[in-house]
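Q: Sharing the record's features from TrEMBL:
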type	residues	note
DOMAIN	4-220	domain 'Radical SAM core'
BINDING	Arg13, Arg63, Thr94, Lys155, Arg256, Val257, Arg258	GTP binding site
BINDING	Cys20, Cys24, Cys27	[4Fe-4S] cluster 1 binding site
BINDING	Tyr26, Gly67, Ser118, Met189	S-adenosyl-L-methionine binding site
BINDING	Cys251, Cys254, Cys268	[4Fe-4S] cluster 2 binding site
Amino acid sequence: MQDQYLRRIEYLRISVTDRCNLRCQYCMPAEGVQWLPHDSILSFEEILRLMRISTQLGFRRFRVTGGEPLVRKGILDFLQESAQLPGVDDLMLTTNGLLLPEMAFDIKSAGVQRINISLDTMDRDRFYENTRGGDVSKVIQGVFRSLEAGLNPVKINVVVVRGFNTDELPSFLTLAKQYPLHVRFIELMPIGVSSEQRSDFVPIQEMKELLGLEDDIPIKDIPGGGPAEYFRPNGFKGSIGFISALSRHFCNTCNRVRLTADGKLRPCLHSKHEVDFREVLRSGISDQEIMKLFAQAVWHKPAEHHMNNEAWQDTRVMSQIGG
Ligand SMILES: Nc1nc2c(ncn2[C@@H]2O[C@H](COP(=O)(O)OP(=O)(O)OP(=O)(O)O)[C@@H](O)[C@H]2O)c(=O)[nH]1
Ligand SMILES: C[S@@+](CC[C@H](N)C(=O)[O-])C[C@H]1O[C@@H](n2cnc3c(N)ncnc32)[C@H](O)[C@@H]1O
Ligand code: SF4
Ligand code: SF4
């Protein structure tokens, strides 16, 4: 469907849990995040109902995210049921990769076509520190297990943070050269804990200069519904992508809305405005009525974000929104 700014909205990002088995420094505080109680979280049946209704409004891409989606009990059955819904053309997952060594083949069998894995550093000690306890070897194993399982494309999300991983950009470039992996460098967004980290922000232009990619021509053949701009230098098996949420935002071509784990439809990543669907789903009203409310919420999607306004503060951290 279209929103009031005539953008075609067809991509629903679904956060299936606010919980996570990591605590990345830029995403979640070390302590103090209250987990949602079980009955506040949408059940898989409720999510499937909303997905089915949204397909009737023209939604066709669905990304399952979190928190960490793979920690939710029953996730594989949910993925399988989602993949079978008529109108679901593109079912995708964003994960921190820790559980992929054991789950990648089952995820593929469930009907997920492609996967995005977050990996900000390949250094064991840095990863441990940044994620407050994670084991990077599991994530790297998970990346290669995903390739073996036939998930395609496998994309790697690298949030670039000054003084933390800028020196590793060339190693990630080598990774995309040697393997069919699509490494995307992401600008740090000032959301939740990161709103106090503005000096750690690295603009895409600086990343491109560091990598010697300023003059390359973008390519268009990487499957995806997101805002990344991709490049494939000569001799690369994979590609390099950039997600420039701040320095050159892509809101005028935005195609998505988000569903939080507690059932709020969030028309923009960076707007506090949310519409509660949990109570609507539990109130016994018809699919037709729900569709009307869903369409209204999408129609009122904001034109763009205001992340460059330093006074802006969200009430949620990124793990609660789903990225
Ligand atoms: N500003 C902004 N950033 C986004 C949006 N969607 C995703 N991102 C950021 O882009 C990064 C990668 O997101 P992914 O979950 O991998 O999804 P994607 O890039 O949409 O996925 P593809 O379909 O593979 O292109 C994350 O850091 C997100 O927070 C958005 O709508 N607005
Ligand atoms: C919130 S996580 C949820 C899914 C999963 N746990 C993971 O890490 O992939 C989704 C994406 O958001 C990114 N992210 C989190 N906080 C961010 C921030 N402040 N700026 C940019 N990206 C961020 C993560 O790196 C990850 O790629
Ligand atoms: S980025 Fe993903 S893995 Fe890291 S704390 Fe946030 S939700 Fe968890
Ligand atoms: S910030 Fe909001 S409007 Fe801009 S691309 Fe993201 S979701 Fe769309």
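The backbone N, Cα and C atoms fix where each Cβ goes, and this holds for glycine too.
Automated prediction, rather than curation, is the source of TrEMBL annotations.
Fair warning: this is a prediction, and the values are worked out from it, not measured in the lab.
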Q: Spatially, which candidate from the binding-site residues Thr94, Arg258, Cys268 is nearest to Gly67 (S-adenosyl-L-methionine binding site), comparing Cα atoms?
A: Thr94
Q: Check Lys155 (GTP binding site) against DSSP and tell me helix, strand or coil, would you?
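A: SS state of Lys155 (GTP binding site) = strand.
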Q: Taking each of Tyr26, Met189, Cys268 in turn, which of these binding-site residues have a Cα lying within 10 angstroms of the Cα of Arg258 (GTP binding site)?
A: Cys268
Q: For the binding-site residues Cys24, Cys27, Gly67, Cys254, Val257, Cys268, which sit with their CB under 6 angstroms from an atom of ligand 3?
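A: Going through Cys24, Cys27, Gly67, Cys254, Val257, Cys268 in sequence order, those close to ligand 3 turn out to be Cys24, Cys27, Gly67.
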Q: Look at each of the binding-site residues, Arg63, Lys155, and point out the one with the fewest other Cβ atoms around it within 10 Å.
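A: Across Arg63, Lys155, these binding-site residues, the one with fewest Cβ atoms within 10 Å is Arg63.
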Q: Determine which residues of the same chain, besides Cys251, Cys254, Cys268, have their CB within 8 A of the center of the CB atoms at the recorded [4Fe-4S] cluster 2 site, and list them by sequence.
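A: Filtered neighbour residues, in order: Arg7, His249, Phe250, Arg256, Leu269, His270, Lys301, Pro302, Ala303, Glu304, His305.
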Q: May I ask which of the binding-site residues Tyr26, Cys27, Ser118, Met189, Cys251 have a CB within less than 6 Å of any atom of ligand 4, listed in sequence order?
A: Cys251
Q: Under a criterion of Cβ-Cβ distance under 8 Å and sequence separation of at least 6, what residues of the same chain contact Ser118 (S-adenosyl-L-methionine binding site)?
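A: Ser118 (S-adenosyl-L-methionine binding site) has long-range Cβ partners Cys24, Thr94, Thr95, Asn96, Gly97, Ile156, Asn157, Val158, Val159.
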Q: For the domain 'Radical SAM core' (4-220), provide the mean pLDDT of the predicted model.
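A: Looking only at the domain 'Radical SAM core' (4-220), pLDDT averages out to 96.
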Q: Please identify, among the binding-site residues Lys155, Cys251, Cys254, the one with the smallest Cα-Cα distance to Tyr26 (S-adenosyl-L-methionine binding site).
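A: Comparing Cα positions, the closest of these binding-site residues turns out to be Lys155.
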